[in-house]
Structures are given as structure tokens and as C-alpha cells.
Amino acid sequence: MPHQEPSTMQMIVSFIILVIIASLTAYYADRKGRSFTIWFILGVLLGVFAPLILFFLPSLREEDASEGQPTMTVSRPDPSLEHMSPPLAPVPAWKEEESKLWYYLDQEHQQMGPVSIVALREMWNRGLLELTSYVWTEGMGQWQKVEQLPELKDALSKQ
């Protein structure tokens with residue numbers, strides 16, 4: 001059986017099919033938030049394998065990426081909830097937490113403590129602790145001034 005060279009017509013048809021595949025791949029890539037140009041080139045180089053690869057890649061667009069995540073919508077409020085009282089304002093954790101231990105720096109910048117919030121409040125009332133005094137308790141990243149902690153300021157000011 002003699003080997004035949006592909007005709008010019010067959011090459012043109014193959015090229016047109018390849019450009020169509022590359023264009024469709026690039027369009028699909030653009031819809032998924034990926035580069036049109038890069039995926040067009042990949043479509044030319046990889047042929048039918050490019051859209052298959054693209055199919056399994058996640059979408060980079062935010063609206064497509066958020067699809068599939070559960071959401072909840074309420075069309076109207078539940079009438080049974082109208083008789084409920086409004087929620088109470090949350091109380092900061094350290095305001096009333098008597099067991100939490102605090103450390104502070106005195107006027108000579110010496111670390112003192114641990115002391116309870118009650119003892120800290122007494123020092124505040126006697127003037128031993130000021131707005132510019134540094135305090136620290138578990139859960140804080142670093143020492144902070146009392147003036148930087150409004151909840152602590154409120155807790156110290158209450159009688």
C-alpha cells in the first residue's frame with residue numbers, strides 16, 4: 001500500500017478544526033476566569049485535550065466559585081419571632097471574669113501581679129493604676145495601655 005501525502009485540502013480542514021477547538025477552549029477558559037490567550041495557545045498545542053484539562057480546573061471567578069456553597073435566604077420574617085425581646089448586649093469576657101489574672105507595670109516599670117480584676121479596680125481607685133499604665137492578661141498579644149482597652153477602662157471605673 002503506497003503512502004499518500006496529505007492533500008492541501010486535508011491540511012486546511014485540520015487547521016480549521018484545530019482553530020475552532022482552540023477558540024472554544026479559550027472562550028470556556030475566559031468564562032472560568034482564566035487567560036483567553038494562554039488557553040487559545042494551549043488549545044492549538046494540545047487539541048482536544050485542552051478543554052478536557054480546563055474542565056477539571058476550578059473556576060477563578062468569584063461568582064462561579066461561590067456557587068455550590070450553601071446559602072440561606074429568608075423571604076420574610078417569621079411572625080412568631082415578633083414577640084421576642086431584643087437580645088441583650090454582649091458583656092466583654094474580662095469585665096466580669098473574676099478568675100482571670102492580670103499583670104501590670106508599676107510606676108518604676110516593674111512587672112507586678114498576677115492580680116484579679118477586683119484588685120486591679122482597687123489600685124485604679126487609689127490612683128496606683130492610670131490610663132497610661134501597661135497591663136497584660138492571658139489572650140492578649142502584648143502589653144497595652146489601659147487607655148487602649150475601653151472595656152477594661154469601663155470595668156475599672158465601675159464601683
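Glycine is no exception: its Cβ is also placed from the backbone N, Cα and C atoms.
Per TrEMBL, these features apply:
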DOMAIN    102-152  domain 'GYF'
TRANSMEM  12-29  transmembrane segment
TRANSMEM  36-57  transmembrane segment
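Same-chain neighbours of the transmembrane segment (12-29): 6, 35-44, 47-48, 50-51, 54, counting only residues six or more beyond its ends whose CB sits under 8 Å from a CB of the stretch.
Residues of the same chain lying 6 or more positions beyond the ends of the transmembrane segment (36-57) and with a Cβ under 8 Å from any Cβ of it are 18-19, 21-30. With helix defined as DSSP H, G or I and strand as E or B, the domain 'GYF' (102-152) counts 15 helix, 15 strand, 21 coil.
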